[in-house]
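What TrEMBL lists as domain 'Pyrroline-5-carboxylate reductase catalytic N-terminal' is 21-107. Residues or ranges marked as transmembrane segment in TrEMBL: 204-229, 249-271, 292-313, 348-367, 388-407, 419-442. The domain 'Ferric oxidoreductase' annotation in TrEMBL covers 249-382.
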Amino acid sequence: MNTNSSNIMALAPNTSNKRETVCIFGTGDFGRALGHKMIQCGYPVVYGSRSTQISNLIPKDAEVLSHAEAAQKAAIIIVAIQRQHYNFLMPLAEILRGKVVVDISNNLKLNQYPESNAEYLAQLLPGAKVVKAFNTVSAWALQSGALDASRQVFVCGDDTEAKQMVMNIVRALGLTPLDQGSLLAAQGIENYPLQLFPMWKFPIFLSLGLTVFFFFYCLALDVIYTYIYEKNNFSFFIAITIPNRICPVMALILLALVYLPGVLAAIIQLYRGTKYRRFPDWLDKWMLCRKQLGLIALAFASLHAVFTLASPLRAFVRWRTSKGIISQALNNITEPLDNTSAWLSDSYLALGIIGFFFFVLVGITSLPSVSNSVNWREFRFVQSKLGYLTLILCTAHTLVYGGNWFLNPSAYRWYLPNIYMLSLVVPCIVLVAKFVLVFPCVDKPLTQIRQGWERNPKYSE
């Protein structure tokens, strides 16, 4: 008897995996895309619409009913309409009582209304369990499947069970839910998609400021100075020469600025003797935008590589080369190969090529699609160990490029150093400080501090 019962249970279909019916109010782009994705994942979907006529745009397996009929068939209602059209929900208040109502709307500007759209919806429907979700995912991403850049879905609500039901749907769609707490967090969630590269502002403004400064610096030394004192019109340097000097300088400085906050953080922890005190706000913000600084540095390094490859095509380079050949022919002399110069030339090129290779490797590893496929130790090895190796190679590339020019008085026009000399200041500071921090007498107490040891435990509060 027991054996037969167990066999019957094994052969019976598993009804626990059956998806609950989901109602979607709104047949716009996002409502249709979300419904199509849910149907693919096994959810029965019913649309609530003013017109119950089946449209070719509606997913074919979905049902279209009036708002009231659709709401009665589902326990979860997704409101895919804008805030100004919420008033039609007021006559449905009794039908929606006790049901989970998901608000997915966004606004046109930051803090457009005194309260969030989700909180406003909760005021209109006091008996419903309002949850904010899906507003950070685009209809295009749902339709095309390109969800790598927008896989996270922020979820908030006052009812824990309702939030869990919505988060289960998010997971079933192949997305990652992030619980942001109560409905009070909805304002921030709605503002999030309206922020234009929030972590990029400081890196972009810093890069623009330094680029403008170095442009005028090079313009003064390479164009204005030569025109005044040497009577040469090198104004065409603005097109290729000056950008090809600015790009490597910016790449090296920004790369150094990626690792400088880590060095400063280590020094602060050593000074305080604890890791349980917050860093200054400026340092916290600096550390949060290191990835963006590194990617901008990689962009400048890539431009430098392209400009360098294009240099032999320039008329100025061809003219200077032919002038040297003609001068040797007219004077009936052949300048011997300078092995020292050849070694310096090949060395700085080799260091630049290898440094750029590691630069690209570190940049690729920072991409979400790549970083998600490696574990933390592998990610840290690439970003830290190979990152510092990249900084060393690029700094050495600049040092070898300078050669003896550091000691040549003619290199200091208007008593100002060349631009590549300025680019070495920050990287050398970072590398020297890091070299000191790796000494056992310094590294050992720093490691202990980062593992929880404190010099003075009173700061652990």
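Each Cβ is built from the backbone N, Cα and C atoms, and glycine gets one as well.
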Other parts of the chain folded back onto the transmembrane segment (249-271), taken as Cβ under 8 Å at six or more residues beyond its ends: 203, 206-207, 210-211, 214, 279, 283, 286-287, 290, 293-294, 296-298, 300-301, 304, 359, 387-388, 390-391, 394-395, 398, 419-420, 422-424, 426-427, 429-430, 433-434, 437, 442, 445-446, 449-450
Interface-richest range of 204-229, 292-313, 348-367 toward the transmembrane segment (388-407), CB pairs under 8 Å: 348-367
Confidence summary for the domain 'Pyrroline-5-carboxylate reductase catalytic N-terminal' (21-107), mean pLDDT rounded: 89
For the domain 'Ferric oxidoreductase' (249-382), residues assigned helix / strand / coil by DSSP: 110 helix, 0 strand, 24 coil
